[in-house]
Amino acid sequence: MASSSVPPTAVPAATAAPGAGFGFASKTKKKHFVQQKVKVFRAADPLVGVFLWGVAHSINELSQVPPPVMLLPDDFKASSKIKVNNHLFHRENLPSHFKFKEYCPQVFRNLRDRFGIDDQDYLVSLTRSPPTESEGSDGRFLISYDRTLVIKEVSSEDIADMHSNLSNYHQYIVKCHGNTLLPQFLGMYRVSVDSEDSYMLVMRNMFSHRLPVHRKYDLKGSLVSREASDKEKVKELPTLKDMDFLNKNQKVYIGEEEKKVFLEKLKRDVEFLVQLKIMDYSLLLGIHDIIRGSEPEEDGPVREEESEGDGDCGLTGPPAPVGSYGTSPEGIGGYIHSHRPLGPGEFESFIDVYAIRSAEGAPQKEVYFMGLIDILTQYDAKKKAAHAAKTVKHGAGAEISTVHPEQYAKRFLDFITNIFA
């Protein structure tokens, strides 16, 4: 038996006519789908199963009402919840007791729209096939089957930080028209299974969904303890750091105009982070080698369209909703197949939004993926204590990672400006 508790600002359409009690305009954006029933997913991992079931439930609920004309302060505090008990009919697919909560559903709906992501494509990318586990330094890290979205398990403290900064983040995205190197936050959820809470943050994948990354760096502009460990370096795709970048004489070869646009965007984003007293962020740099990428790989990963069955998770998603033009959403990266075929190193900039191709005449034919990550750390008492401890250990002049937000930003920008050839 399912029971849901939803605040007045998010009354489900089952209990109110679309738009009733809301300040919504009668005219809405054209949607290419018809409403589907929530499908039940089957997953070996109960957490993943409940998460995907909850996302489908949430998107279906949101599709019942038009988006608000403007977001109100209450939208940044709102949440929608559903609690399911004695779910015996689907006990082989889902736990018999679970809870699912979406934070600020209207805000993230608006953010998805501003980032050019349709809700039904978002749903398909997340749920048509099971997400796969990926290596993440902190907590669990999943990637959607079409590789356009990442699902990061975060702490309750991260959720609290996101909550406190969400209004500022949304305002900034509106101001810059979504043209940013910041992470594109698309959804924030809590999943409760066996009385344990897990918190999930969904973001756009900064790397390409079709061009594999052959090298990657996490750059902070600090040189102390900023070299990948021997254990990290033996991985198939290690996360290298600042000292590795310098020791390898690595450079980023992009055109002057692309460099100018990138640095202007970076400076604007970093100024925003300084205003919020945020630090410890990194530039994530992924490098796709076009020559290597065009060579067939003997033991490369099997692409979704080539594989049979539903994979180890056994996850079954909903059929794609039928569109008003007789089409079905194909996920965030799906529409690329209806356009011209892409050659080696080519990409669609509206999907691979963090990608820049190397300049003509560059010594290496490469595609670079560059974006800011780990932007939730604010300068607080813990950081102040860590800074004091590192100053004692390394000396006041050392290039240590924990400094004041303004110092961090200056050092970070100085370093990133010099990664270009």
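Even glycines carry a Cβ here, placed using N, Cα and C.
Keep in mind it's a predicted model, so treat the numbers as computed, not measured.
The domain 'PIPK' annotation in Swiss-Prot covers 43-420 and is backed by sequence analysis. Across the residues of the domain 'PIPK' (43-420), the predicted structure has a mean pLDDT of 84.
The N-acetylalanine annotation in Swiss-Prot covers ALA2 and is backed by similarity to another entry.
Annotated phosphoserine per Swiss-Prot: SER26 (among others), in sequence order.
SER349 (phosphoserine) falls within neither a helix nor a strand when secondary structure is assigned with DSSP, and so counts as coil. Other C-beta atoms found within 10 angstroms of the C-beta of SER349 (phosphoserine) number 10, with every protein chain shown included. Taken from Swiss-Prot, the feature phosphoserine covers SER349 (among others).
Among the features that Swiss-Prot reports, region 'Required for interaction with PIP5K1A' is placed at 69-75, with the record citing similarity to another entry.
Counting residues of the region 'Required for interaction with PIP5K1A' (69-75) by DSSP class, helix then strand then coil, yields 3 helix, 0 strand, 4 coil.
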